[in-house]
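Feature annotation from Swiss-Prot assigns ATP binding site to Ile234; the stated evidence is sequence analysis. Taken from Swiss-Prot, the feature Zn(2+) 1 binding site covers Cys431, Cys434, Cys471, Cys474. Swiss-Prot lists Cys440, Cys443, Cys458, Cys461 with the feature Zn(2+) 2 binding site. Residues annotated as domain 'Helicase ATP-binding' in Swiss-Prot: 234-373. Feature annotation from Swiss-Prot assigns motif 'DEAH box' to 316-319.
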Amino acid sequence: MIIVKVILPIPIRQYFTYLMPDFMCPIIGGRILVPFNSKDVIGIVASFYKKNNVDQANFKHIKALIDTESLYSNMVLDIISWISNNYHCPAGNLFFSILPKILHSDYIIKNKYICQWSITKKGQELNLNYFKRRKKQLYVLLILKKKHILSTELKKYNISKIILKKLEIQELCKVNLNYKISFKRKIIRTKKKLFFNKKISIVLNDVLKKQCFSSWLLTRVNLYLKVKFYLGLIQSVLYKGVQILILVPYIKNINTIAFFLEKYFNASIDVMHSKLTSSKYFSNWVRTKNGENSIVIGTGKSIFLPFLKLGLIILLEEHNLKYKSINQCRYNIRDLGILRAYKEKIPIILDSETPSLKTLNNVLHRKCFYIKLNKYNHVNQINNNIINLKTEKIKFGLSLTLINEIYKNFTGKQVLLIFNKFVLFFFVLMCQKCNEIFKCTNCDDYFEINQYRNILFCKFCLIQIKKPIFCYNCGSFSLIVFKIGAEEIKKEMHSIFPKIPFFFFLNEKNINKNILNTKSFEFAISSPCIIIVTEELVQNYYFPHVKLISLICIDNYFLSFNYRAMEYFAQFYINLNQLTRSTKKSCKIFIQTSFPNDINLKEICNNGYFSFSKKAMAIRKSFLLPPWSFQTIVYSASTNTKYNIIFLSLMRKILQKKSRKYNCFLWVLGPNNAFLSINKHKYFHQLLIQCSSRVALNNVLNESIDVINIFTISKRVKWFIDIEPN
């Protein structure tokens with residue numbers, strides 16, 4: 001009998017064992033149908049081995065074998081195994097999440113065959129006068145007497161499969177099936193002649209000359225040189241007859257890149273993203289597996305595609321947080337891209353105007369090479385204006401300076417107001433009798449209420465007062481907590497700008513497809529208006545007619561407990577001009593803040609991202625923060641907070657004991673509350689772990705996980721680990 005270890009689509013850190021008869025041939029990475037509880041479930045074969053004396057009472061038998069070949073390439077299987085070991089996540093969810101949805105069922109992939117029809121002995125000897133009235137059959141027989149007919153030639157000779165079937169029934173011809181080898185070295189031709197200067201040619205030679213892994217950072221390069229470099233690189237790789245993967249953070253980038261490349265190259269280009277239909281995604285997945293395409297442009301999960309022969313990976317906006325998975329398995333696509341390039345022994349290009357500090361640190365330590373195409377001493381001065389909220393009168397979060405500027409610039413222009421999600425939805429204290437809302441006496445904006453501490457506070461003036469007992473307007477004691485949400489924002493904005501048309505994009509679900517074009521991902525209206533959008537949604541679309549952008553409140557970055565917050569703000573702010581997709585004129589950008597004299601803000605606005613990054617790296621080095629150390633967070637979720645604290649406290653003790661074995665010092669903080677918006681009905685707590693060695697930390701975690709799984713408390717909470725958290 002064959003014992004098979006099966007992965008099921010369940011978030012559990014274990015394999016399930018089943019029995020299979022000897023005459024079956026299981027494939028690692030292939031699907032099988034197995035009984036699980038009271039139903040049949042699709043599973044994936046992880047491993048198998050033969051054993052003669054098996055107690056069959058302890059195992060269930062598999063129901064059916066679905067695939068005859070693996071759905072995953074050897075490279076993808078290696079990457080999944082690496083993720084499971086290093087990110088300490090359940091393999092089941094990961095194996096199924098990277099497959100097309102069609103393959104989550106028992107759908108069988110049909111291999112492409114070429115049919116070959118040839119004439120039989122009976123057909124050769126038959127008198128053709130018999131077919132005088134059957135002219136179509138006679139026509140086919142005459143061709144078959146001369147040569148074989150392939151299924152690819154049916155259109156050429158204008159032959160129907162029905163006629164061939166009739167001849168087959170009469171035993172006048174027979175059909176043979178030959179498996180089609182779909183990948184052929186394609187002859188790639190450029191539609192336009194490309195000319196490169198000496199510098200670009202030297203850099204291209206450096207990138208491609210080694211037949212091994214290399215990581216390259218492309219930054220601080222003007223658009224003209226960048227386009228020339230990429231065209232030369234793609235052309236050189238395509239001539240080798242291999243495939244190229246271009247990874248982008250947002251779907252809006254895909255169509256732009258595909259349209260641009262189609263202008264220059266006569267190559268097969270496929271796109272991969274979540275907005276594709278299941279059938280289209282599956283067909284592109286099969287084409288990639290068979291090597292029928294030359295270039296694949298896709299979002300994060302495209303890194304798991306089973307390429308036949310991958311030759312180059314290009315990762316655009318490598319700093320973007322969209323590449324970080326927010327599910328239980330918290331991997332970073334950038335790290336997986338580097339890992340895949342290393343295993344495939346190919347180059348990877350990391351492209352960003354604002355590279356992450358981790359990547360810049362890798363450049364300093366020569367783990368990543370810097371591509372220098374031109375002398376770049378110039379700092380891109382962004383047309384910005386900082387508004388001090390402490391000295392301004394405020395109307396529902398908008399300063400009078402900004403309101404006046406909007407009225408000045410409104411004629412013939414569009415205004416984009418970018419709200420932070422923390423500013424959009426908050427709670428205030430309101431009188432139930434006269435509907436009066438408590439306001440700040442300094443800036444006249446609403447006081448927010450903190451129900452846990454019984455205080456009112458103004459986020460603009462940083463004033464806080466004790467929660468009042470009665471209404472100052474009417475003297476009533478009936479005070480209620482009222483939520484300010486999307487509807488209240490709309491009413492207030494219409495009262496401030498009564499004659500100006502508004503468009504609100506506060507939620508992905510409520511977006512009007514006629515206003516925001518889902519194909520080009522552009523704001524379709526060109527007439528003057530005010531667009532109100534969140535920081536999260538604004539990056540998913542282009543706003544080509546916008547001339548004035550305002551960041552309503554950025555104070556959350558200065559007050560954040562996350563030491564990376566200013567790095568994220570700098571990256572977001574520097575890349576704001578890309579929202580308009582205009583290279584000719586930059587927009588006016590207004591920043592509203594209560595901290596106009598902040599050192600980091602001044603550095604970013606006056607000297608640019610790289611000057612800020614140098615100082616940020618020096619600060620992190622002095623405090624031994626990443627990238628000079630390695631952090632991990634263990635999250636625990638439960639409906640009872642006690643279970644979380646017991647589990648994480650136990651985890652802390654185990655970690656500290658195991659760290660002595662490896663002679664490494666662990667700095668552990670927690671358990672503390674974690675503010676995650678994954679599940680509103682559960683409490684989240686976290687345990688922060690920091691270590692100077694990644695290998696030691698990984699070994700300690702692996703052993704600690706094995707121990708913690710023995711205790712029943714690990715079954716009462718839902719826990720997961722975030723390696724290198726953001």
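Every residue gets a Cβ built from N, Cα and C, even glycine.
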What same-chain residues lie close to the motif 'DEAH box' (316-319): Cβ under 8 Å, and 6 or more beyond its ends? 246-249, 253, 334, 350-352, 354-356, 359, 571, 575
Taking 8 Å from the centroid of the Cβ atoms of Cys431, Cys434, Cys471, Cys474 as the cut-off, which other residues in that chain fall inside it around the Zn(2+) 1 site? Gln432, Lys433, Asn435, Glu436, Tyr472, Asn473, Gly475, Ser476
If you count other Cβ atoms within 10 Å of each one's Cβ, which of the binding-site residues Cys434, Cys440, Cys458, Cys471, Cys474 has the most? Cys458
What does the structure give for the C-alpha distance between Cys474 (Zn(2+) 1 binding site) and Cys458 (Zn(2+) 2 binding site)? Integer Å is fine. 22
Given the binding-site residues Cys431, Cys434, Cys458, state which is nearest to the residue listed as 'ATP binding site' when distance is taken between Cα atoms. Cys458
Please list residues from the chain of Cys431 (Zn(2+) 1 binding site) whose Cβ is under 8 angstroms from its Cβ, counting only those at least six apart in sequence. Ile437, Cys471, Asn473, Cys474, Ser476, Ser478, Leu479, Ile480
Can you tell me how the residues of the domain 'Helicase ATP-binding' (234-373) break down into helix, strand and coil by DSSP? 59 helix, 31 strand, 50 coil
Does DSSP give Cys431 (Zn(2+) 1 binding site) helix, strand or coil? strand
C-alpha of Cys458 (Zn(2+) 2 binding site) to C-alpha of Cys434 (Zn(2+) 1 binding site): distance in Å? 22
Within 10 Å of the Cβ of Ile234 (ATP binding site), how many other Cβ atoms can be counted across all chains shown? 23
Give me the CA-CA distance between Cys434 (Zn(2+) 1 binding site) and Cys440 (Zn(2+) 2 binding site), in Å, as a whole number. 18
